[in-house]
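Engineer: Below you'll find the structure I mean.
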Amino acid sequence: MRSLLCAPLLLLLLSAGESAVITGACDKDLQCGEGMCCAVSLWIRSIRICTPLGSSGEDCHPLSHKVPFDGQRKHHTCPCLPNLVCGQTSPGKYKCLPEFKNVF
């Protein structure tokens, strides 16, 4: 009975409230433009948004390296840009760093 009384109030609050439009929402990488991936939102974990690939010095996840990825990403970071690698900078910390090939 109590829920029946609360329902009209809830509808009134929902209809009078402001709504938000999330631009760039996605489910998979293929829905994002070139140079982006579909990553978990930092603010609302149940939403994924198109996010730029990691630039030099930005945080990354060592197991996230394929673009486009066929499934749903579990992290809020995208893989690094093609000329960068996700390298460990300290215990548990990874950043996009220049790829040092043919150094010698």
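Just so it is clear, glycine is given a Cβ too, placed from its N, Cα and C backbone atoms.
I grabbed these lines from Swiss-Prot:
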SIGNAL    1-19  signal peptide
DISULFID  Cys26-Cys38  disulfide bond
DISULFID  Cys32-Cys50  disulfide bond
DISULFID  Cys37-Cys78  disulfide bond
DISULFID  Cys60-Cys86  disulfide bond
DISULFID  Cys80-Cys96  disulfide bond
Engineer: Hey, how far is Cys32 (disulfide bond) from Cys80 (disulfide bond), Cα to Cα, in Å?
Structural biologist: 16
Engineer: So which disulfide-bonded residues are near Cys96 (disulfide bond), with CA atoms within 10 Å, out of Cys26, Cys37, Cys38, Cys50?
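Structural biologist: Those close enough: none at all.
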Engineer: Rounded to a whole angstrom, what is the C-alpha distance between Cys86 (disulfide bond) and Cys80 (disulfide bond)?
Structural biologist: 6
Engineer: Helix, strand or coil for Cys32 (disulfide bond)? Use DSSP.
Structural biologist: coil
Engineer: Other than its own, how many Cβ atoms are within 10 Å of the Cβ belonging to Cys50 (disulfide bond)?
Structural biologist: 18
Engineer: Given the disulfide-bonded residues Cys26, Cys78, Cys86, and counting only Cβ atoms in the protein chains shown, which has the most within 10 Å of its Cβ?
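Structural biologist: Of the disulfide-bonded residues Cys26, Cys78, Cys86, the most buried by Cβ count within 10 Å is Cys78.
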Engineer: Relative to the Cα of Cys26 (disulfide bond), which of the disulfide-bonded residues Cys50, Cys60, Cys78, Cys80 has the closest Cα?
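Structural biologist: Going through Cys50, Cys60, Cys78, Cys80 one by one, the closest to Cys26 (disulfide bond) is Cys50.
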Engineer: Are there any residues at least 6 positions away along the chain from Cys37 (disulfide bond) with a Cβ closer than 8 Å to its Cβ? List them or say none.
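Structural biologist: Within the chain, Cys37 (disulfide bond) has Cβ neighbours under 8 Å at Asp29, Cys50, Thr51, Leu53, Val67, Pro68, Phe69, Arg73, Cys78, Pro79.
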Engineer: To see if you understand the setup: which same-chain residues, six or more apart in sequence, place their Cβ under 8 Å from that of Cys60 (disulfide bond)?
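Structural biologist: Expected: Gly54, Thr77, Cys78, Pro79, Cys80, Cys86, Tyr94, Lys95, Cys96.
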Engineer: Mind checking which of Cys32, Cys80 has the fewest other CB atoms within 10 A of its CB? They're the disulfide-bonded residues.
Structural biologist: Cys32
Engineer: What is the total of other Cβ atoms whose distance to the Cβ of Cys38 (disulfide bond) is within 10 Å?
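Structural biologist: The Cβ of Cys38 (disulfide bond) has 24 Cβ neighbours within 10 Å.
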